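J.: Swiss-Prot lists these features:
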CROSSLNK  6  ubiquitin cross-link
CROSSLNK  11  ubiquitin cross-link
CROSSLNK  27  ubiquitin cross-link
CROSSLNK  29  ubiquitin cross-link
CROSSLNK  33  ubiquitin cross-link
CROSSLNK  48  ubiquitin cross-link
CROSSLNK  63  ubiquitin cross-link
DOMAIN    1-76  domain 'Ubiquitin-like'
């Protein structure tokens, strides 16, 4: 049977499948046509995300049904070198006790006029883990 897969760009892909095919199988056919790895594909039918181990018949997908293809959301871990760089610029600071301005690590007086260039500064507190 023939089904259609609509991408976010509006492009429609036609696939030749059987109702006994698994969602994994459909994703690999999409990879063959479009080059998108299956682990980045999310298929939606009737408002539900399709699970990899199930078959097309489990979701009542019949001939000429349209599936919607969306890509997995990216994100997650920050690379350790970037985390160290960010902590150097964000965590190793001095804080003015009067106006709460962030100051360079070696500062002795506040740079702001509103607190009268106060010498009452403290190190910035460490982030909780």
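Heads up, the Cβ atoms here are built off N, Cα and C, so glycines get one too.
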J.: Whole-number Å distance between the CA of residue 63 (ubiquitin cross-link) and the CA of residue 48 (ubiquitin cross-link)?
T.: 18
J.: Of all the recorded sites here, 6, 29, 33, 63, which one's CB has the most other CB atoms within 10 A?
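T.: In terms of Cβ crowding, the pick is 29.
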J.: Does residue 48 (ubiquitin cross-link) have same-chain partners at least 6 apart in sequence with Cβ under 8 Å from its own Cβ, and which are they?
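T.: Listed in sequence order, they are 59.
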J.: If you count the C-beta atoms lying within 10 Å of each candidate's C-beta, which of the recorded sites 11, 27 ends up with the smallest number?
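T.: Output over recorded sites 11, 27: least Cβ neighbours within 10 Å is 11.
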J.: Considering Cα atoms only, can you say which of 6, 11, 27 is the nearest neighbour of residue 33 (ubiquitin cross-link) among these recorded sites?
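T.: Going through 6, 11, 27 one by one, the closest to residue 33 (ubiquitin cross-link) is 27.
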J.: Cα distance, residue 6 (ubiquitin cross-link) to residue 27 (ubiquitin cross-link), nearest Å?
T.: 13
J.: At the Cα level, what's the spacing in Å between residue 6 (ubiquitin cross-link) and residue 29 (ubiquitin cross-link), rounded?
T.: 14
